[in-house]
Amino acid sequence: MSERLPVTDKVPFGGDYNPEQWPVPVWNQDYQLFDLARIDTVTLGVFDWALTQPAPDVYDFSLLDRIVERATTEGRRICLATGTAAHPPWLARRHPEVTRVDFEGRRHRYGQRHNSCPSSPVFRRLSTELARRVAARYAANPSIVAWHVGNEYGGTCYCELCAAGFRDWLRRRYGSLDALNAAWYTTFWSHTFTDWDQIEPPSALTEHWRGPEHTAFQGITLDYLRFSSDAMLANFLDEKAAIRESSPDVPVTTNFMGMYRPIDYHRWAPHLDFASWDNYPPDDSSPSWMALSHDLMRGLKDGQPFWLMEQTPSHTACRDVNPLKRPGVMRLWSWQAVAHGADAVLFFQLRASRGASEKYHGAVIGHAGRADTRVFREVAQLGAEFDRLGAATLGARTPARVALLFDWDSWWALEISDGPSRLVRYQQVVLAYHRALWDAGVDVDVVAVTADLSRYDVVVAPALHMLKGDLPGRLAEVTARGGSVVATFLSGRVDENDNAFLMDVPGPLGELMGVRVDEWDARGPEFVNPVLLRAGTDQVEVASRLVFELVIPQGAEVVGTYQADFYAGTPAVTRNRAGDGDAWYVAAGLDQPGVSWVMRQVLDRHHLTGPYADVPDLETAVRVAPDGVRLRFLLNHRAEPVEVTACAGGVDLLTGDRVEGGQPVRLDPRGVMVVREDG
Amino acid sequence: MSERLPVTDKVPFGGDYNPEQWPVPVWNQDYQLFDLARIDTVTLGVFDWALTQPAPDVYDFSLLDRIVERATTEGRRICLATGTAAHPPWLARRHPEVTRVDFEGRRHRYGQRHNSCPSSPVFRRLSTELARRVAARYAANPSIVAWHVGNEYGGTCYCELCAAGFRDWLRRRYGSLDALNAAWYTTFWSHTFTDWDQIEPPSALTEHWRGPEHTAFQGITLDYLRFSSDAMLANFLDEKAAIRESSPDVPVTTNFMGMYRPIDYHRWAPHLDFASWDNYPPDDSSPSWMALSHDLMRGLKDGQPFWLMEQTPSHTACRDVNPLKRPGVMRLWSWQAVAHGADAVLFFQLRASRGASEKYHGAVIGHAGRADTRVFREVAQLGAEFDRLGAATLGARTPARVALLFDWDSWWALEISDGPSRLVRYQQVVLAYHRALWDAGVDVDVVAVTADLSRYDVVVAPALHMLKGDLPGRLAEVTARGGSVVATFLSGRVDENDNAFLMDVPGPLGELMGVRVDEWDARGPEFVNPVLLRAGTDQVEVASRLVFELVIPQGAEVVGTYQADFYAGTPAVTRNRAGDGDAWYVAAGLDQPGVSWVMRQVLDRHHLTGPYADVPDLETAVRVAPDGVRLRFLLNHRAEPVEVTACAGGVDLLTGDRVEGGQPVRLDPRGVMVVREDG
Amino acid sequence: MSERLPVTDKVPFGGDYNPEQWPVPVWNQDYQLFDLARIDTVTLGVFDWALTQPAPDVYDFSLLDRIVERATTEGRRICLATGTAAHPPWLARRHPEVTRVDFEGRRHRYGQRHNSCPSSPVFRRLSTELARRVAARYAANPSIVAWHVGNEYGGTCYCELCAAGFRDWLRRRYGSLDALNAAWYTTFWSHTFTDWDQIEPPSALTEHWRGPEHTAFQGITLDYLRFSSDAMLANFLDEKAAIRESSPDVPVTTNFMGMYRPIDYHRWAPHLDFASWDNYPPDDSSPSWMALSHDLMRGLKDGQPFWLMEQTPSHTACRDVNPLKRPGVMRLWSWQAVAHGADAVLFFQLRASRGASEKYHGAVIGHAGRADTRVFREVAQLGAEFDRLGAATLGARTPARVALLFDWDSWWALEISDGPSRLVRYQQVVLAYHRALWDAGVDVDVVAVTADLSRYDVVVAPALHMLKGDLPGRLAEVTARGGSVVATFLSGRVDENDNAFLMDVPGPLGELMGVRVDEWDARGPEFVNPVLLRAGTDQVEVASRLVFELVIPQGAEVVGTYQADFYAGTPAVTRNRAGDGDAWYVAAGLDQPGVSWVMRQVLDRHHLTGPYADVPDLETAVRVAPDGVRLRFLLNHRAEPVEVTACAGGVDLLTGDRVEGGQPVRLDPRGVMVVREDG
C-alpha cells in the first residue's frame, strides 16, 4: 500500500480555483482576497480538458501555464488536476462510444461531466496521454504538492465495450462458466450460461425491474458493481502511471465522496498515495454523519491523515433546497474534519462561477467580489486560525480502540436483495451504531473487513450481510483475548457470491454469537415492537422496527426481549461469553436509544466511554502527533454555550489559553478547542 | 369446455421442488423431510429449459429423468412442468427477437423469466417442441397426475412481431378498416386508418401518456389488451396440443394469479382441463381478498374445484416488506382455499434456493435443512390433517345462490378511461361488494358476464362499465322470476368497443334500474358526501366518495339520498320493482358500511344471509360432495377464540368430534372446523 | 403588431363542433338544440387532416363542404380550423421523421395529437399546403369570421432535424462559437464547443438529469426553450401566410393556453391578429388564477380583447379527478372572461364524442342528445343573456393603472436553475402578487417586460429572475414620476444569457431598490420565519417560507424584519424613496397575507384600491367601451349572496334594472352584474 502525504508545514487552506473562467483583472482581485483570507493552496485545472486539448491533435497549455505560473509566483501550494473528469465536445462527436450507455440502455450524447465510458479505449488512451503531458509539463514546479486525478469518480456504463470488459473480468474471476454458473446460482430460472457472450450487463433491459436495486439475479448485479468500480479504478491507474513517468514523488490522489455506494473505496485505497474527500453532508444536522464519513476516509489508508478536498463555505446549489451554513458552522465543521484526521481544509469553490449549474453554489468570493460578506469574513478568520496552528496536527493519528466494520459488498448485497425488507438501508444501520459510539465520545476506526483487528478492544459489525474469508475466525480472536464483538440482524447471511450459507442464520457467526435465528419477521415502519433491555438492575424499554429475527439461544445469555406479537418474550438482544470476551447479537432493528444502550454496555465493559458521553452534541476526538503529543479536540455542535470539566491539563492551541484538568472549561455556541494535553 | 381434474384419493399436498439445484445428498434429506410432513405431491421442472435443452440441437433429459424417477420411486404424485416459463440464454443470444419489447419501446436482452415474446415464431416452435418431448418422455409415468404448462403467464410485448400479430388479430376481428375505424372512433383526432400497416401497438411511443392506463384511444388499447391475452393463450394452446400428442388423458393446467389484470382468464378457462392458481395476498389482513380470488378461480370452470398451486408457507421475498405468516395463519388460509373449492394445497417452495432473487422466499425446508423450525412443524401438522381428511372434500361443489359478475373488459375499460375519475379502481369496487357478501356469510359464485344466471337469486354487478351481448336481457330475467340485481355507478356506460351508448346512463341497464343519470360529479378522496339510507324504520347514514352520479328516478324508489352539496336530497341508492324482483342501483361510491347495508337488504329479502353474519371475521363456506354430503367450513380469522351456536349437527372431520345443532361450538384463535353435516 | 378582431355584432357564443363524427340526423338534432341555446358560432375542422387529405395525393373536401355549408345555411358564424393539429396515420407511416423524438431520445411512432416535429420539412410543406387549400376553398364564405390555425401548440421535439434547426437558430443568435461559448459559460466543465455540429439538444441523453428542469448548462437549455417556441411559431406563420394568399382580411388566431410554460406567447403575439385561449383552471377554486390568465392573454396584444376559445360547460375528462362545475359556475366564469376582456365565449365541446379519450369530457349536448339536462339549461340561459347584451362589451378596454410584469425567460431561468430552491415556482410567486391585486379589486394589466410602462402608476415585478435590456431604466422612470415599483427575492440575478450579474444582488435593480443582498437562505416548506411588517401604527406579523434573502440596506427604509434565526431583526421588506416614487423590495417568500399587506400599502398610496377590497370573493372589473361608456362587472364567487353599496349609478345590462350610487345592491350566490355606469 502506497502511503505518501503531501509535504506541507501547516494545514493547507484554500480550494478549487478556476481562473480560466475569468479575465486577468479578476485574478488580481482574487489574489488580494486570498491574501486577506490566508488562502495558501489552490486546486487547479479540474475541468480543463477542452482547454488543454482543444482538438484531437492539438495540445495547448498556454493558459494553464499562466495560471500555474501566477499561483507559483503568488507563493501558493498547487494541487494540480489532470483535467479528465469531463471530456470535451469534440471527443464525443468524433468518438460517440466515449459517452456512456445508461441503466435504461440509452447511449448518451455529449453533455454534463463524469461522462466517459470507463472501458472506452479512446477515452483511456487520451485521458492517459493528457495526464502524461500535464505531469511532464509541470512536474518540476515545486509549488505542486499533489496530483489530483479525475474528479469524484462514479456512475456506471452499460455499453457493449463495458459488456466485453465485464466478460473479461468474469473470466479472470471465475476461470470457467461452470464456476460462474455455480456462483450466480443460474439453475434458478433457467439461466445456465453456455457461452461468455451470452452474459449481458444487468440493467433495466435484462435482469432488473423497478430500478437498479431490484434484480432477478443478485450474483450478476453484485459482480457488475464490482466490475464497474474496478473499471474506473483502471482509469485512475492509467493516469497515475502516466504521472509517475515524470513525477516519481509528488503524491497522487483523487477526491472521494465518503459513503458513496458505487465505488468500493477499500479496493481503490491501496492505489492512492493519500485519501481525500468532498464533504457535502445531507443536511445541517449531520455532525455524526460527517464523523462517520471522516472515520471511513481515514480508515481507507490505515489511519493515515487525509485531505478534505472540498466543502462549501456556505451552501450547495444542486439540491432541491440549499440552506446556508449558519454562522460558525463552516468553522466548526472544518475543525471537525481536522479532529478526525484531515491534514488539509479546502473549499469548493474559491470564486463563484458566473454561469451554468454551479453559479449559485457557495464560494469564498461571490459574484460581487467583496471581502465584506459574512461568508468571506468567516473564511478569513478560519484562515488565520490555521496560520496560528501551524504544523501541530500534521501527521497526527487517531488512537482508536474501537473498530467499526464497513463493507461495500455487504452494502450492495443487502440493498439489492429481495427480502426480507427493502426498508433496511445499510447506511442507516451503520449510522446508528456509529452514532452510539460518537455520542459516547469514543474514537472509532471505520475499517474494511480485511483490516487487522488485533489492536481493537471492540469490533462492531452492523448489518454485515456478506461474510467473506477468514473474518469469522478473526472476530473470534477478538473475543478470545477478552474483546467484544457486536453483530446485528441480517448479518452472516451470504457468502462472497451472495449465496446463502447452508446452515443456521447467522451462518459462520452463529457459533461465536451462540444463537440460531429460526425465522424472521419484517414489517412496515409504522409497526413497533418494544424491546426490554436488562443489565443488572439497569432496565429500559426501547423500540424496534422493520426487521425482527426470532432467536433461539445456543448458549448466549438473553439481554433484551421482544414485548409484543407472537414472539413476545423471546430474545431480541443476546450476549455470548466467548473466550474472555463477549459476542453480542442484536436481532432487531433497535431505535437509536436501544443501539446506544447496547453500545454503552460494551464500551463501559472496556472503560472506553468518553469523558463527556452524557453531554449531548459535545464531540471529542483525540489525535496523537508524530512526536507523541496528544491533541484533544472539543467541538460544541450546539447553538448554546456549554461548560464541562477539563479531563486533562494542556493548552488550547486556538487561543493559547491554558486548560487545567478538573477545572471548568467553557465552549461558545459552535465553539472549538484544540487542547495540546500536557505530556 | 374441457373439464378434467387430476385423479387423486386425497388432497394433494406438497409444492414446487427443484432438486436440479442440489446435489443428491440433499435429495435424500428432502425426501426424509417430505415423509415427516406428509408431502405427497411435487411440482417439477418449472424452469428447466436451460437444463433440458442446453443448446439449439441438444436435448438432455438425463437429470430430469433422475429427478422424476426419484419422485416416482418415493411414491409421490408429480405435477410435471414443460419448463418453458423462462428461455435459456443461448436462445436470446441466437434469436434476439425472442425477447420482449417493453411499453417504452425498448428491446430487452437476456434476463429474468416470463421473458419470451408470445408472437415470436422461434419461441413458439421451440417451446412447443420442448413440451412435446417432455410429454412424450414421461407420459407413461403413472405418477404424473397433471401437466403444468409455462408459469404465471403475463406481461406484454410491443415488438414488430406482435405488431404484425395484432394487425392479423384486428383483421379477423373487424374484417375491414371501415369497421375498425368505426369501432375505435378514429374520426376523433384525425386517426382514420387507411392501411392496416399504419396501426402500431399502443405504447409510450404512440397513443399513451403517463403510462399504460392513459391512452388517447381507448379502442386500440383495449384491443391490444385482448390481443395480448389471446397471444399468450396461443402459446399455452401450442404446448397443450403438443402434450396431447402423447398424453391424451392427464389433465393440463397452468397456474393463474387470481385477480390478475393482464390476462382475461375467462377467455382462457375453457382451454384448461382444470384451473389452478398462486395465492399471494397483498397483506396479512386479506381473508376477504382471498375469498374473492378463490371464488373467481372456482368460477372460471363453472364451479369445478381448482388447485391451489402455490402459496408461501411463511413469507414472500419480492416485496418491499415481507412479513411472516403468524402461527396458525398458513393452516387457516390453506383450509380457506379448500373451503372455497381447492382440491389441492401446494407450496412454493419445498426447499429454499441458495441464490438469486428468491433465496429469501419462504420454504418448507430452509437453508439449514431443519425439521425443528416453527414453519416446518406447522406444515407437517397440516400434512397430517389432510391425511386424516382423505377424499372427503374432493370434487365437492359450492351451492351458491348469489352471483357476482367479474369482467376483464369492464376492468380494462374502466381503468384506461379518461374521466370521470382515475381514483375509482375496479378491484376496489368489486372487493367492497364481495366483502359485504363475505361478511354476511353467503356462498358466492364469481362468474363471467356470459355465465348462466338462471340458478341465482341474486346477481351483483359492481362497476360493470362495459355492457356486452344479451346481458341486459338476462339480468331482466333474474328479476322477472323474483330475483334481485344490483348495479352500481359507472355501469352500463360503453359497448363492446368502448363507445358510449347513445342514450341515458346507465345505458341498456336504465330500463331495468328505472333511473336515468343526468350528470356525475367526481371529487378527491378527502371529500365525503354522506348518504342517508332508509328501509322501513331502519335508517343509517354512511359515507360516499370519489364518484357521485346524479339520478333522476324513472320509476325507481329512492332508498338512499345524498346529504350534502347542491344535489343534497337527490337519490344515491334506488330500488326498482321489476317483474317479481328488485333492481338496485347504487349511484355513489359508498363506503363499506354503506355497501354492506345495501347487500344485507338484498340478501335478507331472499333469506340468504348466513348464520354468523354478525360475528366478525368468522368465515363460513359450504361445499357439497359428489355424494351429496354437505361440508360446512368454519374459519376463525381472529387471533382470539370465538364461540357460536352450531347451525346443524355433524362431525368435525379434523377432530372427529361431534357437533350438535343449536349447541355452542368454540373455535380457537385462527381455528378451523370442517363439519360433515348430518344428512 | 397585427391587430384585427373578428367582426361580430354580439359576443359570439358556441364552440367546437365535430359533425364529421356523426350521421346527418344527428346534425339536425344539433341545430335544433343550438337554436334553443342561442349558439351562433361553431369552430369547425380542428382535427380534420385525415378527412381532408386521406392520402398523399388526395384532397377531399366533400364532407367538410357539407359541414360548412350546413353551418352557413343555419346562419352560424364559423371559426374555421386548418386542421393540422394532428397528422394522419399515413403521413407518419410514409414519413417517420414527421413524428417527434421525446426528451428521453425516443422516436415516437404514430399516435395522439400535437404530434408533429416542428422542424420536419414534410410536415411544414404539407401543413402549409393544407392551410392554403382550406383557405382557398372557403375564403369567400362570409360566415367565416376567423381562421383557427393548428390547436394548442406545445410540446418539444429533440430529433436530428430539430438539432439542425437549433444549430441554425444559434448561428443566427450568436454569430460565432466564441459568442456562444461566452454566453453559455462553457469553460465550466470543459464544454467549449469548437464546431456547431458538436451541439446537441439538451435532453435526458445530454445535459439533463432528473428531468427537464435539471440541467448542467442553463444556457443551452434556455436557448432550446426559446428555439422550440420559435420553431412552432414558424409552423404557425407557415399556415398564416398560406391563408393570407386567398384571405387577406379575415383575422387569424390560434388558441393559447394561458400560463403555458413551453411557449413564449409574448414572442408569438405580434403575429396573431387576435389572441384566443382555452380556459381549463386547475380546480374549482380558481377565480384568481383565471383572472390572472385572462389579464395575461389580454396583455398579449396590448389590451385588445381576446376570444375565450374553449371552456368546458361542465367537467374535463383528462384529469385524475374531474369535478363538475357547480350550478351557476359556468355562467359566472363566462362573465368573468368577458369582464377581463373576452369578446367571445366558446365551449369545448358542443356535442360529446362517442369514443376515444374525450368521450367523458363535458359537452353542451350529451350522449343522450337531451335538452332537459342541467348543463344544457344553464348554457341556454347564458346564450339568452348574451343575446340580450348585444354589442355592449365588444371592443371594450381595461383602464388599468397597475402593471404586473410576466416574463417567460424569467420563468424558464428560475425553474431550470440549480439553487437556491427548487421549491420556488414562478407561477406561484406571480399568482400571489396578482392575487393581492385581485383581492384589492384593482384592474391589472399583465404585460411583457418590454411593454410601455409609462401609463402605469404601479409596476409589480415578482421573481423577475432575468433582467433584460433597458428595463431597469424604465422601472426607474416609473418611480421618477412618482410611481411605485415592487420587486421580490430572486429578482435581478441573471442577464439575458443566464449569467450572473457581477455585482451585488439584485443586480441592476440594486440601485433603484436601495439594497444589497449579502447572502440568501433556503429552507424546506415546513420552516417558517415570521416577518413583522410595519407602516405607521399598522403592524402585523406574517409568515415567510422557502427563500430568505439577507438584506443590507443601501438607503432603503426597512418595512419588515425577520423575527427568527440568526438573521432575526434584519430586513425582509424594504421601501426606497426613488424620485417621487417608491421602490419596494420583498426579500422573503411572504405568505399571501404578507404579500397582500405590502400590495395594499402600495395601492393605497396611489388611491387605487377598489371599492370592495374588503369583501372577500367579490370580484370587480371595469371595461371601457369604444364609445367611452364604463362597464363595471360585479362577480360574486361565493355560494352565498352578498350585499354591497353601489359605487356608481347605472343600469345592470343583464336585468335592465337601475342601480343607484350609494345604494345597496345585492348579488345572488355566484351572481353577476354588468353595470353600464352613468356617463
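Keep in mind that glycine also has a Cβ here, set from the backbone N, Cα and C atoms.
TrEMBL: automatically predicted annotations, no manual curation.
Now, the feature entries from TrEMBL:
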- A:Glu152: active site, proton donor (ACT_SITE)
- A:Glu310: active site, nucleophile (ACT_SITE)
- A:Arg113, A:Asn151: substrate binding site (BINDING)
- A:Cys117, A:Cys157, A:Cys159, A:Cys162: Zn(2+) binding site (BINDING)
- A:16-388: domain 'Glycoside hydrolase family 42 N-terminal' (DOMAIN)
- A:400-608: domain 'Beta-galactosidase trimerisation' (DOMAIN)
- A:618-677: domain 'Beta-galactosidase C-terminal' (DOMAIN)
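Everything TrEMBL records as a feature, shown here on the structure.
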| residue | record | contacts (Cβ under 8 Å, 6+ apart) |
| --- | --- | --- |
| A:Arg113 | substrate binding site | A:Phe47, A:Ala85, A:Ala86, A:Asn151 |
| A:Cys117 | Zn(2+) binding site | A:Glu97, A:Val98, A:Thr99, A:Arg100, A:Val101, A:Phe123, A:Cys157, A:Cys159, A:Leu161, A:Cys162 |
| A:Glu152 | active site, proton donor | A:Ala85, A:His114, A:Asn255, A:Phe256, A:Met257, A:Asp278 |
| A:Glu310 | active site, nucleophile | A:Gly15, A:Asp16, A:Asn255, A:Trp277, A:Asp278, A:Asn279, A:Tyr280, A:Leu346, A:Phe347, A:Phe348 |
- When DSSP states are folded down to helix, strand and coil, where does A:Cys162 (Zn(2+) binding site) land? helix
- Near the Cβ of A:Asn151 (substrate binding site), how many other Cβ atoms are there if near means within 10 Å? 24
- Using DSSP reduced to three states, classify A:Glu310 (active site, nucleophile) as helix, strand or coil. strand
- Message: Take the mean position of the Cβ atoms of A:Cys117, A:Cys157, A:Cys159, A:Cys162, the recorded Zn(2+) site. Which other residues of that chain put their Cβ within 8 Å of it?
- Response: A:Arg100, A:Val101, A:Pro118, A:Ser119, A:Ser120, A:Tyr158, A:Glu160, A:Leu161, A:Ala163, A:Gly165
- Task: Mind tallying the domain 'Beta-galactosidase C-terminal' (A:618-677) by DSSP state, helix then strand then coil?
- Result: 0 helix, 33 strand, 27 coil
- Item | Neighbouring C-beta atoms (10 Å sphere around the C-beta of A:Cys162 (Zn(2+) binding site)) | 23
- Item | Within reach of chain C, those binding-site residues of A:Arg113, A:Cys159, A:Cys162, CB-CB under 8 Å | A:Arg113
- Give the residue from the binding-site residues A:Cys157, A:Cys159 that has the most other Cβ atoms within 10 Å of its Cβ, counting over every protein chain displayed. A:Cys157
- Message: Using DSSP and collapsing to three states, where does A:Glu152 (active site, proton donor) fall: helix, strand or coil?
- Response: coil
